Amino acid sequence: MSNERGRGRGGNRGGRGGMEGGSARRGAWRNGPPPAGSFPHSRGGSPALGQSPTPRMSINDHMHDLKIVQGERKGFQTDTDISRAAGPVERELQPWVPDGPSPPPQSNGGSGNADFETFGTTNNITWDQFETNERLFGAKTDFKEELYTTKLNKSGPDFHKREKEAERLAKQIMGQTSKNAHIAEERGQATDIRDEEEKYSGVSRAPNAYVPPSARRAMGQSSAALRPNPTFESNTNGSTPIPAKPASPAAHETAPPAPERRISDDPVGSKPEAPAMKVTGTTIRPITENAEVTVNGTNVTAETKPELSGVVNEWRQFVGTEREKVEAKKQSVLKSEKEKQLADFKKFQANFKVPLPLPKDILPILSKDEAKQKDIEAKATNALQAAKERKLSIAKDSPAKSPVILNSVKSDAPKPAPPKKIVMKIPEIPPFNPAKRKAPAVPVPESATQDIKLITSPAPSNGSLASQATKLNPTASTFVFKPRADAAPFKPGQPSVSPSIAPHQPSAGPSNTSASTAVPKGNAFFRDKLPEKTHINAREDFNPWKHGPVPRPNTVGTGWPYPGRKVGVPPPFMSPAAPPQMQMQFEDDPTSPSPHPAQPAMMPGMPPNYPPYGRFQPGMPPPYGVPGGMQNPMFSPGPHFSPHPGQPMGQPQHMMPGGPQPNMPMYFQNGMPQNPAFLPPQMQQFPHNPQRPGPGPGPGGPQMFYPNQMPPMPHQTPLQQHPVPFSGPSPAQPQFQHQHQHQHQHPHQQAPPPPPVQMSPAHSTPSGPGGVVQGGPQQNGQTQG
C-alpha cells in the first residue's frame, strides 16, 4: 500500500519519488505529471471509481517553469528583475453596459429601473422609505425625528415665519451648484457626459493645482497647461477665435471641468489637420471645419486653423523652459549669496581680535613653554595697542569732515527754530494776612496810562537762528536755581509787593528810565539780616556730661525718683554694720524712697505660695490639700541664690508650714540615703518653734530649741571656715532646716546643738566676713562655709 500512496514514499523508502524508488511525492513531480495509469489511487483517482482518465493537475505545477527560469539566471535579483519576470498583470477594464435601455431617472433621485422592478410605478409620489417598507414587508418603524434633531414646536407663535425662512434657505441651498457629483445628483442638477467611474471614483484636480517640476517633465507639459481653459468667441467673418469673458459667474460654476486633453509633441509642420473645436460655454468638443458654433445662444460658423494646437504647445513649452531658467538663476543667486556671506565670515574670523588684554590664566592653556607664553602675550599687547590707535584715528577723522559738509551745503529752505531758553518764574511768598496788609501806592508813569500796543518781535531770520545756534553750549552745566539778587526784602511785619512783569518794549527815551525805581539788594530768603555762622563741635556739644560730672555708683540711691511706681533694688549683700531691725521696704510713699529702720509690725504668717509641685517632711500633711503632695520639683539653687528678706511675725499663731518659696531647696527627698558629699540641699519644717534671737551657734553660744528630740550631732567645735564669695550654697550641699517663728519659748524643749544650717522660710541669712552669719530678729541659724 505504501507504493500506491501519493505521499512519495516507496517500498524501499530510498527513492525521491520516481517510479523505480517509489511513488511520486505531492508537489515534487519532475518533467511533468505522470501518466494517468501510474497511480490508481493517487490524486485525481478514486478507489471506488477506479482509474481516472484525466488526473488533476497539482497546485504546484506552475513552479516547474519557474525553477527552470531560476536555474538559467545567476546572481542576485533586484526588485526590478523580479517585477520584470512576473510579466504584465494589468488588464483593460471594460465598462458595464446594460442589456436594455434604462428608464429616465426619477425626480426623487432614485434609479428608475430598480424602482420599477422593486416598487412598481411611482410617478409623482414622494419617496418614503418607512411607508414603503410597511406596505411591502409589513415592517413598522418606531423612528422619531426628535431623537436625532431638534423637535419642532408647531404651536409656537413664530412657527410659520420660521418655516418660510427654512424653505427659503432650502431653495437657496438646492439652487447652488457643486462640483461633487453626489451633491449635484441630490440637488437634481443635470449631469455631464462623464461616466460613473470618472464621476465617483476618479480624482478631479483643480485647474490651479500645483504640479511639481518632475511631474511636469514626465507629462511633457508645464504648469501653464494646468491653467483654466479660456472660452473662445468666434467672429462672424470666420477669423481667428478671440478669448471671451464668461457670461456670468453662475454659468461658469455650473459647467463641469473639461475632460483631459492630450497634447502631441510632434512639430507644427508634421501635424495633420485638426478638426475644429465646438465651444458651448466652457465645454470644448471636436467638430469638423466650418461647423456651427453656439455662442451666447447664436449659431455662428467658425473656422479654426489646424496649426493652433501646435502653436499653443510650442508656447507652453517655451513658458516652461523660461520658468525653469528663472528658477535655476534664482538658485544660483542664492548659492552665490551664501558663498559670499561665508567668505565674509571667514575674513572676519581671520582679522578679528578681541579688544581686551589677554588674561594671565589663559597663557598656560595656550602653551606650556614660557617663551611661547611671552610671545603670545607680546602679540596680544601689540594687537590691543593697534586697535586703540585705529579707533583714535577714526574718531579724529570723523569730526573733522562733518563741519565741512555742513558748511558747504547751503539751502534756502527755512530751518526749524532752535529751542528757546527756559525762563523759570518763581512767585513771591504772599503775606500772612493779605486782608490787613495792602500794598503801598506805587507812582505810575504817564506812559503807562496810555494805550500802547505791544510790539511783537520780527520773525527770526536764518542769520539770527544761526547766531542762536552758535550760542548753545552742549557741554553746559546743569541748571541750578539761584534767588534774585535784586529782589525786595521780605519782612513779616510789613506788606510785600509782588513785582509785576511788564511787556518788553523798545526804549523810547529817558522817560522810561526815570520811571523805574531802585530796588534794594539783599538776600531773597533772609532779606536784610543773615544768620551768623556758628561752629559746632560734635564731641563737646553733644556730650551728656558737659555740664556735670558722671555720678559715682555709690552716690546714687536705690529709690526711683520718677513719678509712678516706686521700685527699690536690694543690695546683693547685707551690710555688717546694719542694725538688727534693718530691713528693705518697698513703699509707694514718695517721702521714703530709701530703706529705713522700722519696728516689726504685727502681722499674720506669710501665706503659702502655690507652686506646682513640692515635697514635705514625712509624717506631716501638706498645708493645702493637693492630692499626691506634688508641689515643687527637686532642684538645687544657683550660685547667686539670695531670696528677699521677709518680715517678722506678730502674735504667735498655730499654723501649718507654708509652701516652698521660689528658688528654695526642696524640703525633703524620697528614696535611698545618698552620699553626704553629693546630697542635695533639703529643708525641714517644724509647726511650732520658739524664736530666739542672738548670735549664731559658736563656742559657748546658745543652742536652739526643737519640738522633738534630735539625734546627737558632734559638730559643736568651731571649724575652719573660708569666705563665701556668693550667697549660694557651697559645693558640699548642707541640709537646711525650715521652721516657723514663734514669739514665746518652751524651755523644756531643749535639744542637742542644731545642725549647721537653719533658715527662716521668709528669707535667707547672708553671711558676713569670714563666712560667719550675722544674726538678726529674723535669723535663727547660721551658714557654715
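Every residue, even glycine, has its Cβ placed from backbone N, Cα and C.
Swiss-Prot tags one of the stretches 316-349, 486-519, 520-553 as region 'Disordered', and that stretch is 486-519. Under DSSP, the residues of the compositional bias 'Basic and acidic residues' (157-170) split into helix, strand and coil as follows: 12 helix, 0 strand, 2 coil.
DSSP labels the residues of the compositional bias 'Basic and acidic residues' (182-200) in these numbers: 10 helix, 0 strand, 9 coil.
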